[in-house]
Amino acid sequence: MNYLILISFALLVITGVESARDAYIAKPHNCVYECFDAFSSYCNGVCTKNGAKSGYCQILGTYGNGCWCIALPDNVPIRIPGKCHR
């Protein structure tokens with residue numbers, strides 16, 4: 001049993017674990033990148049520049065009109081619940 005756990009852990013370390021998430025990309029102070037045109041390429045540019053596969057402007061979303069990114073890397077900050085401190 002211990003060998004199975006050790007081998008599983010070694011495989012995780014060797015292959016690396018990468019994950020991505022779909023979320024609002026955040027500026028410093030937990031603020032979203034605001035957008036006003038759902039058909040603009042602004043959000044796609046912001047998202048792909050930060051390593052996401054794509055992005056779009058989500059109109060009237062949870063945090064207002066903000067950029068929503070698809071497959072955003074874990075090292076990029078996302079909007080979390082709480083206030084935007086500008």
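Note: Cβ is positioned from N, Cα and C throughout, glycine not excepted.
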With reference to Swiss-Prot, which of the candidate residues C31, C35, C69 participates in the disulphide bond with C57?
C35
Tell me which of C69, C84 Swiss-Prot records as disulfide-bonded to C47.
C69
Based on the record in Swiss-Prot, give the one of C43, C84 in a disulfide bond with C67.
C43
Counting other Cβ atoms within 10 Å of each residue's Cβ, which of the disulfide-bonded residues C43, C47, C57, C67, C84 comes out lowest?
C84
Report the same-chain neighbours of C35 (disulfide bond): residues 6+ apart in sequence with Cβ closer than 8 Å to its Cβ, ordered by sequence.
Y42, C43, C57, N65, G66, C67
